[in-house]
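Okay, structure first, notes after.
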Amino acid sequence: MFVSYKWLQEYVNLDGMTPEILAEKITRSGIEVEGIEYKGEGIKGVVIGHVLEREQHPNADKLNKCLVDIGEEEPVQIICGAPNVDKGQKVAVATVGAVLPGNFKIKKAKLRGEASNGMICSLQELGIQGKLVPKEYAEGIFVFPGDAETGADALQSLALDDAVLELGLTPNRADAMNMLGVAYEVAAILGREVKLPETAYQAGAEKAADYISVKIEDPEANPLYAAKIIKDVKIGPSPLWMQTKLINAGIRPHNNVVDVTNFVLLEYGQPLHAFDYDRFGSKEVVIRKAYENETITTLDEQERTLTTEHLVITNGSSPQAVAGVMGGAESEVREDTATVLLEAAYFNGQTVRKASKDLGLRSESSVRFEKGIDPARVRLAAERAADLISRYAGGTVLEGTVEENHLDIKENVIRLSVDKVTKVLGMSISKEEMVNIFERLGFAVEDAERELVVTVPSRRGDIAIEEDLIEEVARLYGYDNIPSTLPEVTGFAGGLTPYQDKRRKVRRFLEGAGLSQAITYSLTNDKKATAYALEKSFKTILSLPMSEERSVLRHSLLPNLLDSVAYNLARQADSAAFYEIGSVFLKAEEHTKPVEKEHVAGAVTGLWHKNLWQGEKKPVDFFVVKGIVEGLLEKLGITEGIEFAQSERKELHPGRTANILHNGSLVGFIGQLHPSVEKELDLSDTYVFELDLHELLRLDVPEITYTPIPKYPSVTRDIALVVDKQTTAGQLEDVIKTAGGKWLKEVHVFDVYEGEHMEEGKKSVAFSLQYLNPEQTLTEEEVTKVHDQVLKALEDKYQAVLRG
């Protein structure tokens with residue numbers, strides 16, 4: 001919102017306030033002033049001149065020799081190339097010694113042999129943007145009204161001695177998107193009165209209702225529509241003071257009728273539209289939803305195709321405007337317009353936003369409807385515009401306003417607890433001070449003992465609850481005046497929750513094992529969403545995704561993690577080892593919200609140990625990654641009930657995949673990528689794992705207890721078993737641990753053999769078993785007895801035979 005300092009002075013006394021001081025006070029009250037632009041800054045020496053004579057330059061077809069009175073003793077000769085310069089005009093003259101934008105200095109000169117003592121200026125040459133210059137002066141010099149004083153300061157007449165404050169309004173402060181709204185705010189800050197504009201036209205004898213009727217077909221989209229009729233208008237330029245206000249606000253002047261509607265828009269925040277009554281096509285205004293594929297040519301000369309979601313203003317048959325967005329070219333005000341149909345309405349913001357977005361049209365009007373206007377100002381703005389049109393276009397306002405109204409405008413009444421203000425702000429503010437603040441804001445206040453009953457005017461739609469009033473008290477009292485205090489709290493030792501502590505252990509262990517942390521998007525595409533999922537789930541699809549690649553919430557961490565691995569390998573990395581701790585999103589039923597669960601996943605490829613001087617290089621394999629997972633589970637104290645069971649997953653290599661079970665429940669998986677997946681990602685020999693961290697970190701695990709170093713020696717026995725190929729080492733190990741009892745302290749595989757001298761369908765698995773009694777030395781007989789129990793259990797369960 002651009003706010004003219006000089007225009008603001010018409011509504012609020014700004015004595016003692018420079019633009020800088022005012023900007024600081026506004027900012028400290030909660031509305032940020034993003035900048036101050038001083039119009040005409042650096043320009044000097046420009047006056048209003050009177051062209052006494054104009055004749056063709058004797059030596060140049062496109063130059064004019066002008067004699068110009070600039071308010072000095074003698075007129076000066078100026079050579080001017082503007083095509084529209086003429087005798088009798090009042091123009092802007094940069095005198096000799098003047099400075100124009102860009103530090104351009106005016107000097108005496110000779111142009112094609114003729115002296116030129118100054119320069120007749122266009123508005124662009126005075127620093128005004130070309131898009132804001134009225135069309136009739138776009139290609140030439142600007143001409144002042146005939147009553148402009150010769151020799152007067154041209155910058156002052158063009159409001160180029162003004163300062164414009166740019167306000168950075170938050171979405172809730174739509175009330176400040178107009179001059180009166182800013183005036184109320186500034187008056188409240190400074191403790192001064194607001195001077196409201198007066199309306200004083202004399203209505204004609206004829207009644208507006210005899211010329212027009214109003215019918216609303218969709219009260220929800222358009223609850224209020226008011227129309228006024230102004231006859232016998234004369235279309236021409238608007239007064240200079242109005243044009244300069246529009247230009248400084250960033251709006252291009254057009255004519256006295258259109259400029260009035262834009263002026264009132266800026267003044268009241270109420271969008272208006274003026275139709276040419278005679279071109280409107282009927283004596284009724286019907287506001288309805290457009291028909292499918294109905295068309296309208298808007299004021300920008302573009303044909304727009306409408307849908308049934310767009311609200312239009314019609315003459316009963318054809319659209320004449322897109323409600324709240326832009327008028328139609330068919331009934332626009334033109335030079336020969338004699339009667340004006342003036343529209344003031346309240347349109348639903350969502351309806352306007354929909355049409356504005358669909359049609360690619362965004363206007364000053366649509367922005368205000370979208371953010372919300374004050375319904376109480378609809379009629380006030382219509383009256384103000386009618387008064388200005390009758391004053392500056394010479395028209396007669398017909399008696400009455402024709403309207404259809406479905407609005408019940410009520411002011412919001414809120415009860416404010418004085419004690420709550422003290423509690424929220426952390427300091428005591430007297431009731432009298434609060435009353436003063438609300439009255440400065442223009443709110444009505446009633447005293448009710450420990451409460452204040454505050455009536456909020458409809459212009460402040462952002463104030464709805466008690467906390468909003470407390471914010472107003474804080475703003476106007478001054479945030480700088482509220483003392484800083486530290487909260488009184490009882491000291492206590494901080495720390496991590498058990499879950500956080502375990503989560504940190506996971507991260508530290510994996511990083512210690514050589515994996516680097518990655519963080520990937522929680523969103524993926526439809527194809528990848530369900531890949532590698534630990535459990536079945538319906539997809540959670542975004543309604544308005546930014547891209548198809550980020551349209552579905554993930555069920556697994558691996559798809560995006562593998563993309564990161566592939567990305568790194570494609571950039572000359574020979575190995576990659578990544579892990580991620582993040583959320584997956586699962587839902588058991590389609591039309592429910594997803595449950596967010598934390599998982600940990602890893603992906604490793606390439607060399608685990610590079611070729612060093614003391615040994616050969618070692619590539620990553622299944623058992624490297626399995627060892628990482630086992631070490632992680634052990635770090636978390638989860639050593640009992642864990643089983644790696646061979647399984648199949650379509651994304652993983654058959655025969656090199658295992659589910660990870662805890663007491664029979666699936667908590668994760670491990671495996672090598674399927675060759676087809678590796679080919680698709682341009683990877684080779686890549687191993688992955690994923691664990692349900694949400695479940696694992698909530699398991700009750702036994703506390704670690706101290707065990708002294710054994711005093712007595714252990715006994716080691718090695719066994720090589722011949723078993724079926726389908727029997728896993730893990731299955732054999734489980735039997736050994738169960739049968740070995742309390743004296744079996746350690747068991748591990750040290751050899752697996754398949755090949756020559758081995759029966760078809762068989763393999764040899766060799767284990768090393770360590771027996772230990774912490775209380776005494778085990779005898780040979782005791783060890784043999786337990787060892788035989790182990791062998792018998794293996795034979796009974798898996799028909800294991802000692803290899804000879």
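Even glycines carry a Cβ here, placed using N, Cα and C.
As annotated by Swiss-Prot, domain 'tRNA-binding' applies to 40-155. The annotation domain 'B5' is assigned in Swiss-Prot to 409-484. Per Swiss-Prot, Mg(2+) binding site is recorded for ASP462, ASP468, GLU471, GLU472, and the stated evidence type is sequence analysis. Here Swiss-Prot flags 710-803 as domain 'FDX-ACB', drawing on sequence analysis.
Cβ crowding, taken as the number of other Cβ atoms within 10 Å, peaks at GLU472 among the binding-site residues ASP462, ASP468, GLU472. Other residues of the same chain near the Mg(2+) site, with their Cβ within 8 Å of the Cβ centroid of ASP462, ASP468, GLU471, GLU472, are ARG460, ILE463, GLU467, LEU469, ILE470, ARG475.
Per-residue confidence over the domain 'FDX-ACB' (710-803) averages 91 (mean pLDDT, predicted model). Counting only same-chain residues six or more apart in sequence, the Cβ atoms lying under 8 angstroms from the Cβ of GLU471 (Mg(2+) binding site) belong to GLY30.
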